Amino acid sequence: MPGGKSSSFFSSCFSKRKSMPSHESPSSEPLLQQKDAITIQRRKNGWKAVPYILGIESITKMATYGLQTNFMVYLVREYHMDQVSAAYILNIWTGVYCLLTVVGASVADIYLGKFLTIALASLASLLGMVTITMTAFVPLLRPPPCILDGQKHLVQCVSNTKTQLGFLLAGLSLLAIGTGGIAPCSIPFSVDQFDSTTMEGRKSVHSFLNWYYASSTVIMLINQTLVVYIQDSVSWALGFGIPTLLILSVIPLFLAGSKIYHHVKPEGTTFISFAQVLVAAYKKRHLKLHNDERVCGVFLDVSSDGNVVLSKHSLTTKFSSLKKAALVVDDDLKDDGSCANSWKLCSIQQVEEVICFMKILPIWASGGICFMTSAQEGTFVVSQALKMDRHIGPNFEMPAGSIKVMSLITLCLCIPLYNRVLQPALRKITKHENGITTLQRIGLGYLFSILFAVVAGLVEQQRRASALSQASADGVAPLSVFWLFPQLMFLGMVELFGFVGHIELYNKEFPEKMRSIGNSLIYLCIAGATYLSTLVVSIVYSVTGKHGEPNWLDNDINAGRLDYFYILIAALGVLNFAYFWSCACGYTYTSSLKAVESKEADILV
């Protein structure tokens, strides 16, 4: 492409300076006044609005995470399922609500808007939790207790009926719908409350993301300790009923804050807009990009539905073939300057949004292997803890399932330390407004995931050696469970840098109207990491254990070689980091340009 006036190669579907009659020229004064009013509102109400939004998100997350933490125990104990069937239901449910985040995000960004989507989804979550709580309250909705003999040996256990199982699955489905609507919208809706076109606003967004994850960590801590204790030791009905009552109380609070929220209106079918760009670019694939008087570079700052756009993507040099979709040829515009056929001519901002999405996809794909390490926390790390000394003092033994508390405590301590101490120090050194760039933050998370796997392998090697040499009759090694703390500390760092970094990337790089869809990518990444972990485990289990060698993932952890499995995860992490590095080196951040008024009543990009 020749240098010089590169922006003159493209034109919007909505305006062309030479074609638009003077009486149809938009008035710039009302536009700028509206923009200033929105900016003032965001600066004034940003942090005031966030507690209302995070309140409903945190409480519904308590319900969802509470089920993930201990629901398998409920299915086995109360519904008399075998562990395979219970795990199957739980994994399917987790995968479904992760996939539903894409549906929820699309509905929010295209049709309902984030506020209405969260409000309706919270009602679905409430109905789901009420249904699940009723299974614990009403005896007829679950199988009768198993019959035991005098020595507490199992004599008879009645399985659940189709009606009982259907009622339970209905509750899980409603909760999945609610989570699918709230999860991808809560962060973007909170980010919408800040003015990202100012330095202060961007710092507020960055600080919010850190505190958002801190609140999530506190919720998980409560689930791992208090909620699990109530469900196991007091009552399942009370353990489910508390989150249900909290959801019921927080919905009115969320609705009460509606007057101070800044609402970004949905802007129509995003995916159709993507398809239009691809089709238009294909139809014009034979055209060449060159200086041409028929092409102008003027773009309105008002979308087709009247939404004010506070910032626009700057023109990039990548994917130049897609930009042919914005080239104006002889019959593309009507006499009034409007687009004749949106499948033949697209605005340059439509093209830039597609380019933005395509740039992020390789970075998103790299998250699967990184977050695969987090999937080990609830499986093989627990297996390690079961074969270690878990006593804290003479009378208390830590439940193996509560081992995650170590990584959560790390997060609780490190998030404020990073936000208040490390980040300001880095800001002075690097002169970057966030201390380090978003991709550098993600890269650090990937490095910590490698360190987790390496340290976990070394600790497992020592644990196994100790167990084989001096284990007790039950195979428990005389090694304190706190030897797992270093690897769990690194796992906490994976979430602090890697996971939060991905959240930050999607919320900063995606345009306002696509942020919910962008956040749904996070949950797709988690689902992908879970399924990828299952695939790797299946391959390792089927390949190893031949020719007289022990299976790496033997049911008896002392006979297996779990340390080799961890080293394999580390090797995959190294390859993944190399791939991420290659993607990050060629990545250019999306530069949002402020709306600028021209004397001719148009807004220039």
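Here the Cβ of each residue, glycine as well, is placed from N, Cα and C on the backbone.
In TrEMBL, annotation is done automatically, which means it is predicted and not curated.
Residues or ranges marked as compositional bias 'Low complexity' in TrEMBL: 1-14.
Residues annotated as region 'Disordered' in TrEMBL: 1-31.
Tertiary proximity for the transmembrane segment (49-67) is limited to same-chain residues at least six positions away from its ends with a CB under 8 Å from its CB atoms, namely 93, 97, 118, 122, 125, 128-129, 132, 172, 175, 178-179, 182-183, 186, 189-190, 193, 208, 212, 215-216, 219-220, 222-223, 227, 231, 239-240, 243-244, 246-247, 250-251, 253-254, 256-257, 260-262. The feature transmembrane segment is assigned by TrEMBL to 49-67 (among others).
Within its own chain, the transmembrane segment (87-108) is flanked in space by residues 64, 67-68, 71-72, 75, 81, 114, 116-118, 121, 169, 172-173, 175-177, 179-185, 266, 270-271, 516-520, 523-524, 526-527, 530-531, which lie at least six positions past its ends and keep a Cβ under 8 Å from the stretch. The transmembrane segment annotation in TrEMBL covers 87-108 (among others).
The transmembrane segment annotation in TrEMBL covers 115-138 (among others).
Taken from TrEMBL, the feature transmembrane segment covers 167-191 (among others).
Residues or ranges marked as transmembrane segment in TrEMBL: 211-230 (among others).
Look at TrEMBL and you will find 236-256 (among others) tagged as transmembrane segment.
Residues or ranges marked as transmembrane segment by TrEMBL: 354-376 (among others).
Annotation comment: TrEMBL describes 396-418 (among others) as transmembrane segment.
Packing against the transmembrane segment (439-459) from elsewhere in the chain are residues 363, 366, 369-371, 373, 376, 381, 384, 483-484, 486-487, 490-491, 493-502, 504-505, 563-567, 569-570, 573-574, 576-577, 580-581, 584, 587: each is 6 or more residues past its ends and has a CB under 8 Å from a CB in it. Per TrEMBL, transmembrane segment is recorded for 439-459 (among others).
For 479-500 (among others), the entry in TrEMBL reads transmembrane segment.
What TrEMBL records for 521-544 (among others) is transmembrane segment.
Per TrEMBL, transmembrane segment is recorded for 564-589 (among others).
Proximity of the transmembrane segment (115-138) to the transmembrane segment (236-256) is established through 3 or more Cβ-Cβ distances under 8 Å for residue pairs spaced 6 or more apart.
Beyond its flanks by at least six residues, the transmembrane segment (521-544) meets 91, 94-95, 97-99, 101-102, 183-184, 360, 364, 367-372, 374-376, 499, 502-503, 506, 550-553, 561, 564-565, 568-569, 572 of its own chain at Cβ-Cβ distances under 8 Å.
Contact check: the transmembrane segment (354-376) against the transmembrane segment (167-191) gives fewer than three Cβ pairs closer than 8 Å, residues 6 or more apart, which falls short of the contact criterion. Long-range contacts of the transmembrane segment (236-256) within the same chain, counting only residues at least 6 positions beyond its ends with a Cβ under 8 Å from a Cβ of the stretch, are 52-53, 55-56, 59-60, 62-63, 66, 70, 74, 78, 118-119, 122-123, 125-126, 129-130, 132-133, 136-137, 227-228, 230. Distant neighbours of the transmembrane segment (564-589): 316, 318, 359, 362-363, 366, 369-370, 372-373, 376, 380, 437-439, 442-443, 446-447, 449-450, 453-454, 456-457, 460, 509, 536, 540, 544, 552-553; these residues of the same chain sit at least 6 beyond its ends, with a Cβ under 8 Å from one of its Cβ atoms.
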